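**Q** Just lifted these from TrEMBL, have a look:
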type	residues	note
DOMAIN	48-155	domain 'PH'
REGION	481-505	region 'Disordered'
COMPBIAS	481-499	compositional bias 'Acidic residues'
DOMAIN	551-621	domain 'PI-PLC Y-box'
DOMAIN	611-737	domain 'C2'
Amino acid sequence: ATAGSMSCLRREPELSRSQEFQQHARSQKVVQMNVQLLGMEGDQDLQFLLQGGDLLKVRSPTWKKTRYFKLQDDCKTVWRQSKKIFRRKQTFSLDDISAVRLGRQTEGLKKNTDEQVEDRCFSIVFKGHHKTLDLIACSEEEAKQWVKSLQKMISNMNNLSRQQKREHWIYSCLIKADKNKDDKLSESDMKSFLRLINVEVDDDYAELLFKKCDTSNSGYLAGEEVEHFYELLTHREEIDVIYGEYAQTTGYMSPQNLVDFLMKEQRQKATLADAHKIIKQFEPDENAKEKQLLSKDGFLMYLHHQDAMVLQPEHREVYQDMDQPLNHYFISSSHNTYLMEDQLKGPSSTEAYIRALLKGCRCVELDCWDGSDDEPVIYHGHTLTSKILFKDAIQAIKEYAFKVSDYPVILSLENHCSIEQQTVMAHHMSSILGSALVTSPLGQGMPTDFPSPEELKGKFIIKGKRLNKLEASFAQEVLAADDTDVTEEEESGDDDDYEEQHQKKSKLAKELSDMVIYCKRRLHVFITSVCVQRQEASNSSLPLLSAANAYIHHNMEKLSRIYPAGSRADSSNYNPVPLWNAGCQIVALNFQTTCSDMDVNQGRFLVNGKSGYILKPSYMRDPTTEFPEVPRPIVISGQQLPKVTKKKSSIVDPIVKVEVYGVQDDVAEKETNPIDNNGFNPEWNETFRFDVYVPDLALLRFVVEDHDSASENEFIGQYTLPFNSIQMGYRHVPLLNSNGDLIPAAGLFVHIMIVDAE
């Protein structure tokens with residue numbers, strides 16, 4: 001049966017499953033402590049997940065099997081039953097979940113189930129390349145309960161402060177180290193715990209640390225002894241030094257002490273009212289709060305808050321002028337968006353569009369070919385990549401286009417369809433996108449410029465070919481059609497033989513042609529602009545990309561789209577920075593590929609509310625504006641890295657690289673010495689200096705790696721942000737994994753100073 005069959009009773013697992021589950025259970029005390037940390041005492045949704053229940057797992061029309069799912073006592077990990085004898089991992093973390101979707105929203109459920117079970121279906125979509133879990137509950141109500149409960153838990157975990165996440169993680173490691181579950185730590189348990197949190201110590205030091213905490217001389221740590229061990233472990237000397245310098249009021253910070261710290265160290269304007277607000281929000285001791293004093297714990301909680309971190313809080317929201325013409329912005333853009341893997345035989349999926357849009361992408365690509373049953377399909381033509389229906393892609397784009405950003409989405413059409421199926425394409429876009437699709441110029445008469453992102457909020461615009469000039473639709477010609485073209489540009493090659501295509505007369509359906517309003521596709525080649533060449537300006541010490549000068553001026557009026565060469569069959573990427581330096585707006589990358597190029601792209605579009613639009617510097621919009629010439633030195637020092645690696649057999653030797661991306665003279669990289677056998681709380685205490693000439697185009701990237709003298713270093717985490725979005729002073733830096741997702745308990749602590757050159 002396509003719907004499958006299962007019991008509709010919520011029940012405890014059968015005896016064999018119960019015995020299997022006992023290996024993963026935690027005591028009721030553990031549950032209570034985690035529930036308190038999450039602030040979810042008595043929450044019915046949490047209790048539902050802790051009880052668990054049967055769900056029908058769907059893999060194919062004929063493979064549907066009942067499996068038992070249950071939230072473990074750490075309130076963070078879901079255990080699932082497996083019939084595979086040698087299956088090692090039967091759990092997944094709530095941190096690994098990208099989305100929980102109710103209904104038959106995934107390709108798997110649409111393909112493998114009937115519409116009659118629509119209300120009982122839901123899917124758990126994971127970050128990265130993990131397979132989606134397609135599930136069927138025994139009733140509509142239970143499906144909704146699973147979705148609601150999981151979404152609430154994910155939201156609550158995401159809303160924990162960095163300090164709370166770190167405490168939760170450390171406590172979970174303590175529970176794992178307590179092998180016999182007696183709430184006591186033997187010396188062997190303590191060593192296991194230290195390895196779990198990524199610290200390697202010799203036996204003599206471990207014995208000394210254990211004896212220091214074992215005040216009862218019982219041979220194990222319990223109660224207050226465990227708490228003392230935790231305090232010793234999490235003590236941060238650098239915070240003591242900073243706090244001690246300003247805590248001048250009987251060992252506490254007064255409001256004036258805090259103002260002094262904010263103005264002198266953090267280089268930010270601050271008043272006594274600001275200090276009172278911080279104390280009220282972050283001081284955990286009610287007695288200290290009543291006296292308007294800030295303790296060291298409150299000070300640390302403040303430093304962990306996102307407003308006090310390295311990224312300027314104002315830049316997390318839309319702060320730039322969004323009323324400029326579209327070509328005055330860098331636009332987050334994807335190449336061959338439909339692909340999940342490589343360019344030759346990998347799968348195509350609507351999920352790839354969803355993931356790109358949820359990362360803030362504002363220009364997606366659709367390679368359209370004739371399909372069966374008069375339905376156009378999308379795939380990488382003349383390859384073994386799988387196919388998806390054009391209408392399914394448009395439907396997915398409509399549903400997810402504006403969940404992250406309200407600003408316009410550009411649909412870049414690679415049209416290889418017959419006239420008949422082009423007409424079908426036009427019908428699908430018109431019927432699915434409706435009034436959100438721009439099919440005529442905004443305002444009255446022929447446009448004299450590109451519209452702005454603000455004017456196009458919530459809209460879709462088509463980039464493609466037209467049969468005629470836009471002016472033909474109007475009684476009088478006001479603007480040359482060239483002024484509304486998109487310039488396609490090569491990196492070093494092209495996906496298609498455009499020289500040959502350019503000579504062929506296009507066959508285009510009028511219905512599709514008429515939808516192309518602002519982005520008519522043409523080909524201009526500026527090969528030298530892509531090669532990063534430079535010359536010294538005769539009257540300036542600032543090196544410029546002189547070969548790109550013509551292209552920079554071209555991009556003041558036009559839109560340019562860059563994409564990877566066709567030779568990149570593995571979906572590798574190129575460095576987008578030189579293209580941004582040339583003023584190119586639509587620099588398209590393979591979003592499915594994890595690499596430093598995508599890290600930098602994510603960093604570029606991290607700010608301005610993650611809107612996918614970043615206003616170009618004035619000298620890239622106005623030919624009368626001059627390039628800046630004065631370097632801005634930046635000094636960086638760093639400490640404190642919690643565990644981020646999943647390696648069980650070894651302890652990391654962390655090394656930090658600090659990289660600057662930008663114009664050629666700004667590009668630089670420096671690295672610390674490695675810290676041996678300590679991925680929990682290493683301190684580098686090193687200082688770097690960089691001279692940044694063009695801060696408007698510069699990005700700063702922190703990279704943490706596991707040092708290996710015999711082979712290539714292993715990536716641990718990174719964080720990239722625009723230079724102009726940096727907050728000075730003592731700042732925590734979050735770390736992202738290779739997929740661009742936040743590593744919950746990891747970070748750097750740095751001191752940054754940016755000064756004007758003399």
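Cβ atoms are placed via backbone N, Cα and C, with glycine included.
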**Q** Could you pull the average pLDDT for the domain 'PH' (48-155)?
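**A** Averaged over the domain 'PH' (48-155), per-residue pLDDT gives 91.
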**Q** Where DSSP helix means H, G or I and strand means E or B, what are the helix, strand and coil counts for the domain 'PH' (48-155)?
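**A** Going by DSSP assignments, the domain 'PH' (48-155) contains 35 helix, 37 strand, 36 coil.
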**Q** Could you count the residues of the domain 'PI-PLC Y-box' (551-621) that DSSP puts in helix, in strand and in coil?
**A** 24 helix, 12 strand, 35 coil
